[in-house]
Amino acid sequence: MKTIVLKLGGELVHAPELDVIARDLRVLVDGFNRVAIVHGGGPQASALQKTLGLETRMVAGRRYTDAQTLEVMKYVVAGQLNVDLCGRLLANGVMGVGLHGASGHVVQARRRPPRVMKGAGPEPVDLGLVGDVLGFNLPLLGDLFERRYVPVIACLGCDAQGQALNINGDTVASQLAGALEADALVLVTSTPGVLRDVNDPSSRIPHITHAEFERMVADGTISGGMIPKLEESFAVLDSGAKSVVIVGKLGEGDLAHAVLNPGSAGTVLVG
């Protein structure tokens, strides 16, 4: 029995590839593996903000979250996308249970204080209503796993006073993988892994070390949203998870293949 945390980017929730992923998940769950999904919703949130005439402000790949932006995230991520994702899973025989930070306090968080961020200069950055993960309701997740349900967790945390906080989905997935001591954290993105040239899918890097990551940030090869994604992913290797794999859109059977044959698909992070 393996424990797998799967992170889905918001752009995949309504993509045809999700049905392929869902069928692979059914195989994994039927094999008595424990699977949890964490999903974001950045593209949909940005689209709704544009429709509403609200500015989308990003700092070093992170979304600045004021009160209006948080309401958008609640509506899009914890609402529409979580429901739609659970529905697509159900249609493919997977029993997903939609959750967010306030659901049984499954994602326990506190508001992040200003801090210096890689790629954002030397001054501390205040990201607004953004949270840092403190922990998870592991007994609740354990009960769901035991009954072969798949927790589907929106990337919103909640503090002890009930205040919802926006949290980067990769952060939630990475820290959940560490807390569960997962056999694999799989990040499914719109690109086939970490690329030397973002315009060339064939430039996929099969394996990347932390030292190589630092060099690529310094020379600009890795930038934007990939920086926090990889930072959190490297950190999870020190917190209990056994492996991290970043993959693109998957074909039938590719999910298990990516986990069981590291480097055959996507990019595997090594210490």
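One is the number of the first residue shown, and numbering goes on along the chain from there.
In case you wondered, yes, glycine gets a Cβ from its N, Cα and C as well.
Take the substrate site that Swiss-Prot assigns to Gly41, Gly42, Asn166: the candidate from Arg63, Arg147, Arg196, Arg204 listed for it is Arg63.
Remark: of the binding-site residues Gly41, Gly42, the most isolated position is Gly42 (fewest other Cβ atoms within 10 Å of its Cβ).
Excluding Gly41, Gly42, Arg63, Asn166 themselves, the residues of that chain whose CB lies within 8 A of the CB mean position for the substrate site are, in sequence, Gly10, Gly40, Ala45, Ser46, Thr65, Met73, Val76, Val77, Cys155, Asn168, Gly169. The C-beta environment of Lys7 (site 'Transition state stabilizer'), restricted to residues of the same chain at least 6 apart in sequence and closer than 8 Å, consists of Ile37, Val38, His39, Gly40, Gly169, Asp170, Ala173, Leu185, Val186, Leu187, Val188.
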